[in-house]
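In what follows, a single structure is set out as structure tokens and then discussed.
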Amino acid sequence: MTSIPKLRTPSIAPEVSGVVAVGAALAVGELAAVPVSPDASPYFAVGSTVVDSTPEAVREWAIETFGTSDKVALYVGMGVIIALLAAASGYLERRRPPLGSVIIAVFGVLGVLAAVNRPGASWTYAIPSIIAGVVGVVVLRILLAQLGPNRSREAAVVDDEPEPAARAPLSRRFVLTAAGIAAAAVAVGVVGRRMLADTADTVADRARLLLPKPAVPAPPIPPGAELDLSGATPFVTDNADFYRIDTALQVPTLTTSEWRLRIHGDVDKEVTLSWDDLLAMPMTERVVTLACVSNDVGGDLVGNASWLGVPMRAVLDLAGVRPGADMLLSTSVDGWTCGTPISALTDGRDALLAVGMNGSPLPIEHGYPVRQVVPGLYGYVSATKWVVDWEITRFSDAKAYWTTRGWSALGPIKMASRFDRPADGTEHPAGEVIIAGTAWAQHTGIERVEVRVDQGPWQPAELTTEYSIDTWRQWRFPWQATKGEHTLECRAIDKLGRPQIERYQSPAPDGASGLDDRGYTIT
Ligand SMILES: Nc1nc2c(c(=O)[nH]1)N[C@H]1C(S)=C(S)[C@@H](COP(=O)(O)O)O[C@H]1N2
Ligand SMILES: [Mo]
């Protein structure tokens, strides 16, 4: 066996380890903040907190001294302080373990505290700092382990002078490991920072945006459309509660000035729309219930929102669809594709190229700045978010993302009804128990909802006021519950008199069918 060649020990190996470890931690913290928020980055959360809590006098002094580069000065200053503390943590971890690890862990805790206290932060803002702290400690230990045993520890206790022996011979492995980790950290940090900067631009763009008033506003929601019962589903789903489904690992970030929609294929003339072009067109506001094909019986991958946008038909007319074309193949900025029947965009229903959701610009994860919403079709064949390209084509010529993965090319939403309250498996005293739920039959409308107890006769539930055939409808069923274990089922009947399909089918390939049920114990 050949031994690893020993190099002469530079006296700064433990300090270098500390700096590399903390650098790697901060770099990973940047990347980990990407799916959360720019404000969740430990470095910037702490930096912003320092800025926000700086006394006015100090701030004025900083602005006077550094001018517009006051923030740069702050971050450089922070960098220097962090580097010194990082070096100290390496030194201490070598001589008094685990003191260095403790310092890094304290950094992590400060990051967590700063991040979760940023405006609008949720608990998820803590994650990047926690990951960063763990990475920092692990890297520090890996690097110091490469230095071999610290033969001076006992000696150091006796004689507090740093001993030459405290500097164990440095292996080539240490140099390679430290350099490798440092290089990886720089790469990870640069990528993370760039992605955060893109997100920050889009966040700022969205915050500045003022949406136009609709030329055609949505009819007001009658008070009777919503049940006033705890545990019942609100008629309009808050943006923060709206289900999110997409293939994007990293939410696409696109500003309004970057956005374009190119319309091509079987058209009379190719057209490219800019944001200003789109906003110059009259806007329509519509309340539409959106559902995911993956929503299983009783599931909650369905939501109802007020959308503001330009009718898709008006946009198609700018280019002119040639006869024979039957599919709109839309593509998002991240390359996801979706095939929508042109008939569903031109038959008079309120298909929108939407820019607003419940009175605000689209949330970034719901497609900012522009997405599609088509009543009656599952999201995978209609609701392209971050949409940038429309190709007019034919179903016989093109296949979209999910169709190539075995899902049906056409995806009309199947009628469904579900229980919302009380929760499954709960206990209630005998007597009246108010059961409530939701039902939808988009673009046909709900005529009736029925409930049966223990496979008995179907009994009518009370329906809330209908808003439109494109929105879900809440229902309630005052049940005279008797002692024992009971199973309740619900079903909807649409305006064409068709009952919901009772036979269970799982979501693939074209949406689930079957009856939702709940079990209750009545005492
Ligand atoms: N760009 C893009 N748009 C997309 C998807 C996607 O993966 N990428 N998923 C679709 C699916 S399957 C559904 S159900 C809806 C969900 O929209 P939401 O996340 O706003 O609720 O978006 C649709 N639009
Ligand atoms: Mo979906």
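Placement of Cβ uses the backbone N, Cα and C atoms for every residue, glycine included.
Per TrEMBL, the features are as follows:
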TRANSMEM  12-34  transmembrane segment
TRANSMEM  72-92  transmembrane segment
TRANSMEM  99-117  transmembrane segment
TRANSMEM  123-144  transmembrane segment
TRANSMEM  174-192  transmembrane segment
DOMAIN    249-400  domain 'Oxidoreductase molybdopterin-binding'
REGION    503-523  region 'Disordered'
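For the domain 'Oxidoreductase molybdopterin-binding' (249-400), the model's pLDDT averages out at 96. Most Cβ pairs under 8 Å to the transmembrane segment (174-192), among the stretches 12-34, 72-92, 99-117, 123-144, belong to 12-34. Take the transmembrane segment (72-92) and the stretches 12-34, 99-117, 123-144: counting Cβ pairs under 8 Å, 12-34 has the most. Sequence-distant contacts of the transmembrane segment (12-34), counting only residues of its own chain at least 6 positions beyond either end whose CB sits under 8 Å from a CB of the stretch, comprise 40-44, 82-83, 85-91, 93-95, 100, 104, 107-108, 111, 127-129, 131-133, 135-137, 139-140, 143-144, 147, 167, 170, 174, 178, 181-182, 184-186, 188-189, 191-193, 195-196, 199, 250. Per DSSP, the secondary structure of the region 'Disordered' (503-523) breaks down as 0 helix, 9 strand, 12 coil.
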